[in-house]
């Protein structure tokens, strides 16, 4: 391996032509992704994430500049050559009706086959490995229409892996999935980036995932793309600038954007508990509009593992009751 | 489904088609034993000249025409269903066959007064065929343009039916203002029949079918990729535009030619692919295209047998009256099972 970037852009201008006029979405795009890197593309809705990804995979022409796949201009590659270097996975789960999982994954070998050629031994090996790597080995003989959305997405991932690409591009891969399936897919992708040697580029709305798992974040905003390590973008405030609007702030601890609390702060409550109990007790205190603290305070919350609590002479059971009580007494205590 | 089961299904279909072929050649106004048919076919001299004529000039062309028309319509229907992403697409339902009739009618009614059946020259016969293919292609393009905008398969179905009515209405108007002699030629078009096809015409049909059915072997894998949607197909290195063009051209040629010689045979292109998918439990075009070709051939031949086109009576049912018994239930099943909505996404 040469060590150079498997995907790079040079002076790229992303956009489209409408009635002969050029509409620029992003300009001066200079990006590079190396083998084994996981890149998260983040940015507000409509900033141009999808357009950027479509241009990067060669599905849409660039207005200016170049996209290089393994050092070669994507515009100069044939559709088949391109399909051997870059694979994509789209947002919506597909429904192809009566196709077996294995048959769908085997479509990933299409760029390697002559038009009459059958599947060779090597093709079968690659398909088998892709099924296992995407975690759908046990679904091989099932029909795609019988699977859940999450399973179908991973079948489409296996199909992309069967293309043996140097670059895997995923547009909002988790958008249609529930929380558990999201985490599952994120784990599969992180592992793949580390073990397969592919560069994985994915767009996502999940800032937490982007900051925790990505080696590099491409922040798309205001017609430009900033590429950096997640910590650099978070620490410099670039992510906060980008997402935090009037009522939003960037919460460093949670590594995500939260609703800003502009109301006058309620009472400070000393929380007397440990571990998980303490975590959720503080959560309840914050939700009630108060500030949890470890130091001295006029109010002390004592809480036991069965969620029985005492505060300010009152007592009760359960976090819901606690929040209700604090909201009521918090306003008077101030 | 395992390889063995797939082979068994294909074997069964081949046997079915052969059985219907044998029945159609041996049974009829005169029963001709199979052995005698074989003697005629191998050129080892028949018992009588009449037997020879019945087999070679009456029954065999009809059977070959039925085989080719059935296979062509089924393969055309399968490709249309994938192309339109619509389980209800079919040359007849979406008005493509009516477009072909219109094309043919314009040429027949517009050219010299010699009766169509009396025997047109090869040149004008090709002219009629070309016009039918052009008519089919025109309706196909309009329907596809609308389908890409609308997306809802049921709306597209209604649009297709309307396009068919429109083409039919234009044909009716043309007929109204034309002298009755030439109308005879048009009668078979709207009813569907494989009985008036001559060997000369069969040559044109079989060459065209061979080319286009061969092309569908090449199209099978790209069409599989298209099941995932155009963006996925193109990411897999499929030249989506070229596949669309080749597939549309195939459908236009297949339905244009069958309509030019056998009339607008309905529902075969719609039902055969569904039956093939149901039998093989897959949507893989490498299996579905040949399987639906066999099923389509079987449907047309069985319909021809039931329609009484075997010489028992002088008049016979239009083929469409029989094929509707297969096609209409399939349409209803697709509509009611909700598959049409599901595939619209």
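FYI, residue positions are counted from 1 along the chain as it appears here.
For all residues, glycine too, the Cβ spot is worked out from N, Cα and C.
Predicted automatically and left uncurated, TrEMBL annotations should be read as such.
In TrEMBL this protein carries:
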type     : residues  : note
TRANSMEM : B:92-119  : transmembrane segment
TRANSMEM : B:126-147 : transmembrane segment
TRANSMEM : B:153-177 : transmembrane segment
TRANSMEM : B:198-220 : transmembrane segment
TRANSMEM : B:245-275 : transmembrane segment
TRANSMEM : B:287-307 : transmembrane segment
TRANSMEM : B:319-336 : transmembrane segment
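Proximity of distant same-chain residues to the transmembrane segment (B:198-220), defined by a Cβ-Cβ separation under 8 Å and at least 6 residues beyond the stretch ends, is recorded for 57, 61, 64-65, 68-69, 71-72, 75, 79, 122, 125-126, 129, 243, 246-247, 250, 253-254, 257-258, 261, 284-286, 289, 293. The transmembrane segment (B:126-147) is not in contact with the transmembrane segment (B:319-336), judged by fewer than 3 CB-CB distances under 8 Å for residue pairs 6 or more apart in sequence. Tertiary neighbourhood of the transmembrane segment (B:287-307): same-chain residues 6, 9-10, 13-14, 16-17, 20-21, 23-24, 27, 62-63, 66-75, 77-79, 194-195, 213, 216-217, 220, 265, 268-269, 271-273, 275-277, 279-280, 316-319, 321-323, 326, selected by CB-CB distance under 8 Å and a gap of 6+ residues from either end.
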